[in-house]
Every structure is written in structure tokens, then in C-alpha cells.
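Novice: Okay, here's the structure, questions in a sec.
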């Protein structure tokens with residue numbers, strides 16, 4: 001059990017540390033980052049319950065509905081809601097890159113508990129693939145959500161609406177695409193590899209842009 005928990009936690013902590021330490025000028029308070037991570041952990045339970053009810057009540061159906069609505073939109077909208085009520089209005093959210101840190105924190109909290117539960121059910125031998133695919137996917141989608149929230153936080157009213165909309169729509173579409181590739185396509189690995197390369201490129205590009213804004217503010 002210790003090996004499973006360690007393998008389940010390690011990729012999330014490693015990715016969170018990476019994005020946290022990239023904030024070179026004004027690191028966020030550790031307690032705020034840990035709180036966001038913990039809120040992501042707690043979020044697993046209501047999402048599991050809602051998905052269970054949707055499945056039992058036969059709401060929707062087919063890979064598209066499950067991927068883009070029951071999984072993608074549901075999970076990302078609740079992460080977005082957590083960020084909006086616990087982080088977005090907070091005084092510590094005072095730089096564009098802060099959105100990256102908090103977005104990654106909530107997403108990786110969710111991904112870490114989900115990863116542990118999966119490894120308990122399927123075995124620690126899946127840990128490496130889990131780290132490369134779902135945990136990384138959650139982290140990068142959280143980064144992208146946080147990027148757009150950072151844009152919204154420091155924009156005028158009209159632009160703010162656009163960035164807030166993108167902060168929910170883009171992560172939901174990316175998450176839905178990941179799930180659809182994984183569950184609906186045969187030979188999914190051939191589609192997943194370029195998708196993950198794109199996701200890493202897109203996420204790291206957004207993180208770099210946010211850091212450059214921070215540098216101009218110093």
C-alpha cells in the first residue's frame with residue numbers, strides 16, 4: 001500500500017513543484033497552494049457521485065457525451081468554480097502567473113487522489129503510464145485554465161468576460177478530447193501521442209507567456 005500511495009502522489013507533487021518554482025519573483029504562500037491542492041482532492045468525491053448518478057440514470061450516452069460533458073465539462077467546471085470562489089478574488093492573486101500555480105494546484109490535487117484510487121484498483125504497474133497521461137493532462141489543463149484566469153484577473157470588464165469564458169471552455173474541450181481519444185478511438189495511442197505533445201507545447205507556452213508578464217511587472 002505504501003508503494004501505491006507513493007507512486008500515486010509522486011507525479012502530482014513533482015509537477016506542482018515544477019510550476020510553483022517557476023514563479024521566480026513572488027512565490028505564492030505555501031498554505032494557499034496546499035489549500036488549493038486539498039480542495040482539488042476533495043472535489044473527487046462530488047464528481048464521482050454525480051458521474052455515478054448520471055450513469056445509473058442513463059442520462060446521455062455514448063462516448064461523446066461521457067467524454068465532453070460527463071467528464072470534460074463536469075470536472076473542469078467544478079475546478080473552475082473552486083478557483084473562482086477560493087482564489088480568484090484573493091489578494092494573493094496579484095500576478096498573472098499566480099493563475100498558473102493555483103490552476104495546477106487544484107487540478108493536481110484532483111489528479112493525485114484519482115491516481116491513487118486507480119492504482120489501488122488496478123495495480124502499481126500502471127503508475128508510469130498514469131504519470132505520463134492522465135496526471136500530466138490534468139496538470140497542463142489546469143495550467144491553461146489558470147492562464148486565462150490570470151488574463152481575466154488583470155483585464156478590463158469587456159475583456160474579462162472573454163478570458164473567463166475561455167478559462168472554462170478551452171479546458172473543457174481539451175479534457176473532453178483527451179477522454180474521447182482514450183475511450184472512443186481504436187488504436188488510441190496513435191492519436192494520444194500527438195495530442196499530448198500538443199498539450200505540453202500549449203501548456204508550457206501559456207506558462208512562459210504568464211512568466212513574461214510577471215517579468216515586465218518587476
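Even glycines carry a Cβ here, placed using N, Cα and C.
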Novice: Do residue 28 and residue 128 end up on the same side of the membrane (judging by the domain labels in Swiss-Prot)?
Specialist: yes
Novice: When Swiss-Prot marks a stretch as transmembrane segment, which of 31-53, 54-76 is it?
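Specialist: Going through 31-53, 54-76 one by one, Swiss-Prot flags 31-53 as transmembrane segment.
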Novice: Hey, which bits of the same chain come close to the transmembrane segment (1-23), Cβ under 8 Å, at least six residues off its ends?
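Specialist: Distant contacts of the transmembrane segment (1-23): 33, 37, 95, 97-98, 100-101, 104-105, 108-109, 111-112, 115-116, 118-120, 124, 127, 130-131, 135-136, 139, 143, 207, 211, 214.
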Novice: Give me the DSSP three-state residue breakdown of the topological domain 'Extracellular' (152-180), ordered helix, strand, coil.
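Specialist: For that range the per-state counts are 26 helix, 0 strand, 3 coil.
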Novice: Counting every protein chain present, what is the number of Cβ atoms, excluding its own, within 10 Å of the Cβ of residue 95 (site 'Involved in sensing cell envelope stress')?
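Specialist: Around the Cβ of residue 95 (site 'Involved in sensing cell envelope stress'), 22 other Cβ atoms lie within 10 Å.
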Novice: Grab the pLDDT values for the topological domain 'Cytoplasmic' (24-30) and give me their mean, rounded.
Specialist: 83
